Amino acid sequence: MASELKVPTMAEFFASGTVPEVLFWVGCAGSFDDRAKKITKAFVKILNKANVSFAVLGTEESCTGDPAKRAGNEFLFQMQAVTNIEVLNAYEIKKIVTACPHCFNTIKNEYPGLGGNYEVVHHTQFLKQLLTEGRISMEGGAFKGKRITFHDPCYLGRANGVYEAPRDLIRKLDAELVEMKNCKQKGLCCGAGGAQMFKEPEKGDKDVNIERTEQALETKPDIIAAGCPFCNTMMTDGVKNKEKEDAVEVMDIAEMIATAEDL
Amino acid sequence: MQYLPNIIFIILLVVGVGFFVKNISKLRRNIFLGKEASLTDNKPQRWKNMAKIALGQSKMVVRPIAGALHIIVYIGFVIINIEVLEIILDGIFGTHRLFAVLGPVYDFLIGSFEILAFLVIVAVVIFWIRRNVIKLKRFFKPEMEGWPKNDGNLILYIELVLMTLFLTMNAADYQLQQMGADHYVAAGSFPISSLIAPLFENISVSTLMVIERTAWWAHIAGILFFLNYLYYSKHLHILLAFPNTYYGKLTPKGQFRNLQSVTDEVRMMMDPDADPYAEPAEDAVVPDKFGASDVQDLSWVQLMNAYTCTECGRCTSECPANQTGKKLSPRKIMMDTRDRLEEVGKIIEENNGEFKDDGKQLLNDYISPEELWACTSCNACVEACPISIDPLSIIMDMRQYLVMEQSAAPTDLNNMMGNIENNGAPWPFNQMDRLNWSKES
């Protein structure tokens, strides 16, 4: 089915002298992580269906530098940032959409100070906008009446105040949105942020993702919805740890929409 | 000797206020040991934040019980201070109830002070029960042992005593007014203390006067003591919450500061015209060290944050690392910063205004790398703080020192950073393979 995906690159647009409506920043997880690649593809399917003119940087994309900065390596972060900004500015990019809240936060908030000024949106915001503009339609289908709880990614929610776009999309799927004990401003981290994804946790009583998964399972969900590839991994691991993988699925909102639309 | 009480009062007042002013100047000196941070932008928003968060207590009520009780004590203390003004003027001029000329307004004021004083006592008792009987978990973390625990209780005792003295003073006064005692003009309304007054019914005028005067003197002396207790206590928040919310972060919580010194360096590296072999200019300053290993490396706002912290522990109770048993506690980060800052301040005093290296620093001697590496940078602590303290910024600055000055990152993170450097991703995948997903099924 993959052959059906239309994934034009910025280089191709540039060669033909045209500009896309939006740049899809795929991110490292979305490019390389097997689970996250499914999210990337689902999002592209929706973009293709809606005939959105978009492009990716492909091999010209590089890590935003977020994990380096959060780990304390400001130098490496700025090297990455400045290099990426040179590429983005060379292509005269105006608008960027990404399915990764970490890329979203970094490009939106930390690139402007280094010369990179773009309108940056999270894919849930972008999808919400497509829906409002009537460019995609959504019917619950497979998700009608399902209990779905949404795990707020820290870098989307608290860090940038985006709480409603993902929730609006879930409601549009005719699903029953149930909230966890800690949600929105008080949402509990999945345990991956601040470069924790790439290291073993410090000694403690339990892992953060287990604590968060327990909160999610308390809502008796059919699906745990996520909006971040790292949260997705952490929650998937948590559900496996609780041996609930047959009953509860962890899905990105883009995947849910693509599934509902049978893409 | 007619003016002896006035003179004693004025001396008490001058000493009390003078000592307080001295402590405040110490406080200022310590805070400004921090690095400059230019926060003069967007003044309207800053005033609005201060009005909403500090004056309006908007973030306190996120936890409704503690929030409601806190608002009672807060309003009580602010409003009852109008009465303190009268007490001070009475003390200086040897008058009694100087504001009584206000007539019905005075009755209303005194009446509302009394009701507030009573409510404060109720709130303080409930606070005490939460700390000592119910033993709320957030008050019993390791960093709360010893002085912090005693400090918390001591504040409650002082408030209880002050309010009790205030009501006793009024009760005795009311009783004296009823008895038509000289000097005690009928003024004020006493909805609470009139209920205590019957206890004084069979006491002589002279004894009652002793009770009234004792309560009056003890009350004002207590207030002056409390004023001076602030500097040594977590209770400083009653003053610092205001500037702290004013200087709070206005940018999105996820936006971390870009280091200008690094930007300059990176720009030079990227500049094709830069001469890589150029000697540094004669007058070139030694570059700042990266990140923070001691309090002087932090900004003055971060240091003010530390003095502002009232150790309520909302940050720590929301911290995912702390909730899952890791050593990290954002409250401890703030308490450690203040303790170290106090230590540095003392060294400066002992050495005639100059800091001498004492072989200690904030890193390792107070805050361990294990705590710093447990942080997920999720901003839960920042969100939870009712007065805009940012423990995360200190954690990040200290990580920066560990990595950029000491190359002391955990091995896994070094691998991750090596991957980013070599192939532009935190994992060892080739950048040329970044688009492979589009061709995979």
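The count begins at 1 with the first shown residue.
Cβ coordinates come from backbone N, Cα and C, glycine included.
Automatic, uncurated: that is what TrEMBL annotation is.
Listed features, source TrEMBL:
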- B:300-331: domain '4Fe-4S ferredoxin-type' (DOMAIN)
- B:363-397: domain '4Fe-4S ferredoxin-type' (DOMAIN)
- B:6-25: transmembrane segment (TRANSMEM)
- B:65-88: transmembrane segment (TRANSMEM)
- B:108-129: transmembrane segment (TRANSMEM)
- B:154-172: transmembrane segment (TRANSMEM)
- B:184-203: transmembrane segment (TRANSMEM)
- B:215-232: transmembrane segment (TRANSMEM)
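Tertiary neighbourhood of the domain '4Fe-4S ferredoxin-type' (B:300-331): same-chain residues 27, 30-37, 39, 63, 66, 137-139, 141-144, 148, 151-152, 234-237, 240-241, 243-244, 247, 337-338, 341, 368, 370-372, 374-376, 378, 380-387, 389-395, 397, selected by CB-CB distance under 8 Å and a gap of 6+ residues from either end. Contact check: the transmembrane segment (B:184-203) against the transmembrane segment (B:108-129) gives at least three Cβ pairs closer than 8 Å, residues 6 or more apart, which meets the contact criterion.
Same-chain neighbours of the transmembrane segment (B:65-88): 13, 57, 97-99, 109-110, 112-113, 116-117, 119-120, 122-124, 126-127, 130, 159, 163, 166, 216, 219-220, 223, 238, 312, counting only residues six or more beyond its ends whose CB sits under 8 Å from a CB of the stretch. Listed as Cβ neighbours of the transmembrane segment (B:154-172) (distance under 8 Å, sequence separation of 6 or more from its ends, same chain) are residues 73, 76, 80, 83, 110, 113-114, 117-118, 120-121, 124-125, 127-128, 131, 188, 190, 192-194, 196-197, 199-200, 208-209, 211-212, 215-216, 218-219, 222-223, 225-226, 229, 233-235. Residue counts for the domain '4Fe-4S ferredoxin-type' (B:363-397) under DSSP, split into helix (H, G, I), strand (E, B) and coil, are 20 helix, 1 strand, 14 coil.
For the domain '4Fe-4S ferredoxin-type' (B:300-331), DSSP puts the residue distribution at 20 helix, 0 strand, 12 coil. Long-range contacts of the domain '4Fe-4S ferredoxin-type' (B:363-397) within the same chain, counting only residues at least 6 positions beyond its ends with a Cβ under 8 Å from a Cβ of the stretch, are 49, 53-54, 57, 59-60, 62, 237, 241, 244-245, 247-249, 253-254, 256-257, 291-294, 297-298, 302, 305, 308-310, 312, 314-321, 326-334, 336-337, 339-340, 408, 410.
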